[in-house]
Structure formats: structure tokens, C-alpha cells
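Working notes, beginning with the structure itself.
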Amino acid sequence: MSQGSVTFRDVAIDFSQEEWKWLQPAQRDLYRCVMLENYGHLVSLGLSISKPDVVSLLEQGKEPWLGKREVKRDLFSVSESSGEIKDFSPKNVIYDDSSQYLIMERILSQGPVYSSFKGGWKCKDHTEMLQENQGCIRKVTVSHQEALAQHMNISTVERPYGCHECGKTFGRRFSLVLHQRTHTGEKPYACKECGKTFSQISNLVKHQMIHTGKKPHECKDCNKTFSYLSFLIEHQRTHTGEKPYECTECGKAFSRASNLTRHQRIHIGKKQYICRKCGKAFSSGSELIRHQITHTGEKPYECIECGKAFRRFSHLTRHQSIHTTKTPYECNECRKAFRCHSFLIKHQRIHAGEKLYECDECGKVFTWHASLIQHTKSHTGEKPYACAECDKAFSRSFSLILHQRTHTGEKPYVCKVCNKSFSWSSNLAKHQRTHTLDNPYEYENSFNYHSFLTEHQ
């Protein structure tokens, strides 16, 4: 599919006023984000399209339903009966808000998660087709949680577009086209800057932010900017304290749907991502990837200013503030500003009456005066500790002691399993993994291991 053949109707969705009232605030925010961003994606690619009415309404903060279109549907109506029959409406359903396809497939198309259903559920036998090929909601009588979940997953939305490769069906032709690219490998959207290609418009637009650095959405509370409106909305919850995503098991609430999803794995004990190096299990793939870097030593995030590399993107972001004069975190007491939020928190302890020592150069705060003196050397470049062997100088005495081992050959760190010695504790820690990884059971049952354990205890 060429870029010119994509229209806003392919990636848009309409809600009636009746449907809109069932959506929770977080779902309405998600809808606004997706609609405005998808329109922005098409415009940024130079497609000649006029601004739809629904986009204008959303930009003005108005309700998005269009015209006076009447939709005669009795959504999720329930017949009361004896026994444990509960009210059944969208507010009882826990949706997986972690994906934007929640809105793009009309809320129900991904299948709701019925984790909160405890008793029987009874719905009226009735079927009505929605207008404009937008779906089908079928109501049947069911008496068990699994039966209802299975029925709703199959029947809630009409999916007339089927993939010939795998049989998967979709409610929209455009969704089928996007899916088929997973089989063909087609990537029709190319970046004009670097030539990298993508299968979806949204991925291209996200990638182009790397080249432009454009972050048009600004937080009014702290002036922090974001590439996407959805990121700004999530960030604003750090100021308001809003936590719209609640765990049905324990009642704990979260500001992000992804955090709720991660938390819910605690209740089911699901850790399907296992590290092949050490066997440690993780609840999410991102946690596994972050962990694996500790084995490889890889530092994929590089600062374009000085070339310094980092294991985590958050560490790179924190480092980059060194190169800029931007200090977004301001103290309400004295109006002093800081690069990092953690620096502001430490600084505020001074106003609380704690005796802390603050660096005049960068504002960093220390609990001990000696730590401040040591830190100031990083600004002055002073290195008072010199090696008598090679005249190499260091800012810390401990760094000199470590360096001198390269001359003396001292190796104070000894492995309790094989008696191999090392100059650095970090090298010993790395070495000890070879015992636990190669044969963990033999290591745990060995005499040296138990003597080491006894000594440690």
C-alpha cells in the first residue's frame, strides 16, 4: 500500500454519545491521544488531507461524538435473577489499556480480561448489528466465568477481513494490510534522513523524532517536553497523583497501565522470561533485556555530545543534562533549580533542618563534610594522591590503593571454591559465576562452599 492511499478514515474511529458515556476517564484520554497522534502522523508525511471535524473537537477539548447519529443499542443490559448475578456493564470489565489498539479496535476487539468475575453472569439473548460495519455485540445467557469470557472474545466484534496466511481476522481492512506485512516483510515507509524503513506510519514518525528532536507537548507544571501527547498525559499524573489503573486482586492503583500489567504478574506468579546465562527469571521481556546487559557489559545508549555510553536510557537522559543549562527542578523555598529531581529532594532536606553539605558548583548535597571535600575535587581537578612508582595521580586515596596493586601484584580477593585470587572484588564476583553457572549443584554441595557459608554466617 502506498502512502498516498492511506486516509484518515483508515485509522480513525467514531463513538456515539451513548458509547462515550461508558468510557472511563483514562480510556477517554487514550482515545484523544490516539486520534490526534494518528492525524499528526498523516500530516507529517505530507499527505493532502483536510482536518476532520472530530479532530477539531478533540483539539478544543470537546466531546468527540459526531452529529446526531442515533444508535439504537442496549449495551450490555442485564436481566436480574436469583443467585450470584451481578450487574454487567463496561465499568465491570478490566481492559488491557497497555495497547493503543484498545481504542483503534473499538474497545472490545482485543477481548476484555475477565479477571474480576467471581460468580455467574446472565445477559439477555439479543443480537444487533452496529452501523457502518463497526462491529457486532451479541448477548447470550451464560452461567460461568470462562464461558462468558470465551463467548465475548469470539463474538463481540465483527471481523470480516481474514489473513490467508495464518487465518487471523480483523475488523478493518487497514488492520489486515498492516498485519500482512508481518508475513511479507514489506516496509513501505522510508526515513528521508537515514533511509531506514518501517512497516507502519506511526513507527516512522516516532523514528523521525530522533533526527528532529521535536517535542511539541509541554507540561505546564514543570516545563518538561514530550514527543507524544500520551507521554505528556502519563507524566502529568506525577503532579496530580492520579492513579486510574487499579488491581482487582489487592486494590493497589497505578498511574500507568503497563505498571498494572507488570504488578498483576505478582498474583499469578508468572515469570516466563528466563536468562540463559544465570537462570534468573523475570516478569517482562524488558526486565530480562536490562538484566542481560549485566552479563555482556553492553552500553547501547551513547551521548552524542561526549561519546560516553550507558546501559540504560534513563542514565543517558540524566547525563545529558550536564551538557545543557536546563534546570527544570526548582525548590519552592529558595527558588534554586537543579538538573535532577534527586538533587532537589536532597537539597530540600536542608530546609527541613537536616545538617547537610551542599556543593556551591553544582548544588549536589552530601551528608558528610568529608564527602563534600572529596566531591569538590571533581570540579577543581585536584589529584593529591600520587603513585610513588609511576607518578600517576588520583583524587581519592582509595583509587591510589587500587592502582598500586598493579605494581605490587597484590591479589587480596580469593575465591573460596578454587582458591584463585584477584586484585579487584568485581573480578572475583565475575569469576564466582563460572562456578554457579557451570555446575550449581556441585558448587552448593562442595566443602569449600559450606566452609565459606559457615565463615560468612
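Backbone N, Cα and C atoms are what each Cβ position is placed from, and that goes for glycine too.
What you see is a predicted model, and the numbers here were worked out from it, not measured in a lab.
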Residues flagged as zinc finger in Swiss-Prot, choosing from 35-57, 104-126, 127-149, 357-379: 357-379
Given ranges 79-101, 217-239, the stretch to which Swiss-Prot attaches the annotation zinc finger: 217-239
Residue counts (helix, strand, coil, in that order) that DSSP gives for the zinc finger (273-295): 11 helix, 4 strand, 8 coil
Segment confidence, the zinc finger (189-211), expressed as mean pLDDT: 78
Highest-contact recorded stretch vs the zinc finger (217-239), from 245-267, 273-295, 301-323, 413-435, CB pairs under 8 Å: 245-267
